[in-house]
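In TrEMBL this protein carries:
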type	residues	note
DOMAIN	168-368	domain 'FtsK'
BINDING	Gly187, Ala188, Pro189, Gly190, Ser191, Gly192, Lys193, Ser194	ATP binding site
Amino acid sequence: MSGAVVLAETGAALAAVAGGAAYTRAKAPSVFWSAVGLPVTAARFSATYGSTMDACGLTVAPSRLRVLVTRATTRREIRPVPPRIRRIRPTTTGLRVRLRLAPGQEPADVAASAERLRHAWGVHSVHVAEIKPGVVELRMTGFDVLRRVRMPRRVPTGELVVPVAMREDGTAFVRDYRAVPHAMTLGAPGSGKSVFVRNLVTGLAALRVAIVGIDCKRGVEQAPFAPRLSALATDRDMARDLLDVLVAELEERYDLIRDYQGVPRTVTDEEITSDIWGLPAELRPVPLVLVVDEVAELFLVATRKEEERRDHMVTQLIRLAQLGRAAGIFLEVCGQRFGSELGRGATMLRAQLTGRIVHRVNDKPTAEMGLGDISPEAVLASTQIAPEMPGVAVAGDTSGGWSRIRTPHLSLAQAAAVCWQTAHLVPDLPALDQFRPYVPPVVVIPPKPSAPPRFAPNPATE
Ligand SMILES: Nc1ncnc2c1ncn2[C@@H]1O[C@H](COP(=O)(O)OP(=O)(O)OP(=O)(O)O)[C@@H](O)[C@H]1O
């Protein structure tokens, strides 16, 4: 190793200890992009737009009127016409260009040329998104935005919308529970599932929602979220009781909808089409998100009695997944694998989970469990995630769309701090009181002038 490299590494390590280098390096790609990359790319794009589109076969013959006008007014050669540029918007990660497609063109034509456009304009990637019929957006990124994730400043918002990760096109990946009520997250050990859940829980923590956890790994993953959890089950017996209470809550919510609408009790829950959002705000029950860590733990059986318990829990989970959306009860199920080998009901439960997030997996069959019914390209993309990029995942939903995403790194301590700070937002749900995790009383450490307040739990003295 040369002396210069040693010096550079030592300097970087020292600065990192001081807390400065990490920040500077994290900012570097977007700062470099804004200062240098953006003006160069914008100039290259403007100067070569017509010829590049022509070379990529994305132009059409000009209309007769255009030919006549050009001939009558200029001596210019009559050239084929590229899609008209509607808008150009620079961002901190790239450049977004909206195009009105020419007659006869479709978004797939532009998407097929994305790789050629990327090389022509010298950017890291070009993604094509359909905005509305006839209008597409070219999302160019100037650098690999997944290498050091910084969430975009503008993120979609909503009553049940949680920005969780960054997409490779520079936009935010959100969990929108009203659009995709249930989801599953798969990944090999160390692939980034826990960090994904931390981002999700801290996002949910700020919303008006009850968060319920099942973590049969004795709560090691979810216990730090305790101050913001309405309920936590840390073993299979507790999980069974908690699922029973959740199904009872679901049925109560259906009764509420039925009573409000005057629907007779003879109509089954499955036939009620409306949901809690049709109720007036003062009657509407609080939405509830159930986060299941390592679903395989629920399916494990050693004896016949445990088999009965497993079957019962799976049935309850399937019921929650089938009927939960209308009652405002949503599922987030995580695991290393989610196949038929888990036992009876596993594939049926999986089929109810529309959102699919697959981190690095060890084999193709596992990727197929999550993404097989979405697209073969998504399966391939998930098998190509590098081990040195934990947190990268392929996210899709059963509508067929998918993209590569990565969560911002969030430590357990940071996630726990957010849960402490939002503990007052835990909604009142008396049915879940018996499952409320023990939370040690808070000691508020008086803030230094100019420092933000910090919270720390008392040592547990139960
Ligand atoms: N988005 C990310 N950015 C950077 N590092 C990450 C990211 N996600 C995870 N990591 C790192 O990868 C390692 C494993 O992550 P994590 O604990 O989330 O994996 P996991 O899939 O939950 O593993 P297990 O199943 O063993 O619990 C951790 O050291 C974590 O800091």
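Cβ atoms here come from the backbone N, Cα and C positions, even for glycine.
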Other CB atoms, at most 10 A from the CB of Gly190 (ATP binding site):
11
Return the residues near Ala188 (ATP binding site), defined as same-chain residues 6+ apart in sequence whose C-beta is under 8 angstroms from its C-beta, sorted by sequence, else 'none'.
Gln336, His359, Arg360, Val361, Asn362, Thr366
Neighbourhood of the ATP site (Gly187, Ala188, Pro189, Gly190, Ser191, Gly192, Lys193, Ser194): other residues with Cβ within 8 Å of the Cβ centroid, in order?
Gln336, His359, Arg360, Pro390
Those binding-site residues listed as Gly187, Pro189, Gly192, and which of them has the most Cβ atoms within 10 Å of its own Cβ:
Gly187
List every residue in the same chain as Ser191 (ATP binding site), at least 6 positions away in sequence, whose Cβ is under 8 Å from its Cβ.
His359, Arg360, Val361, Ile385, Pro390, Gly391, Ala393
Set of same-chain residues at least 6 away whose C-beta sits under 8 angstroms from Ser194 (ATP binding site):
Glu221, Leu412
Return the average pLDDT for the domain 'FtsK' (168-368) as a whole number.
89
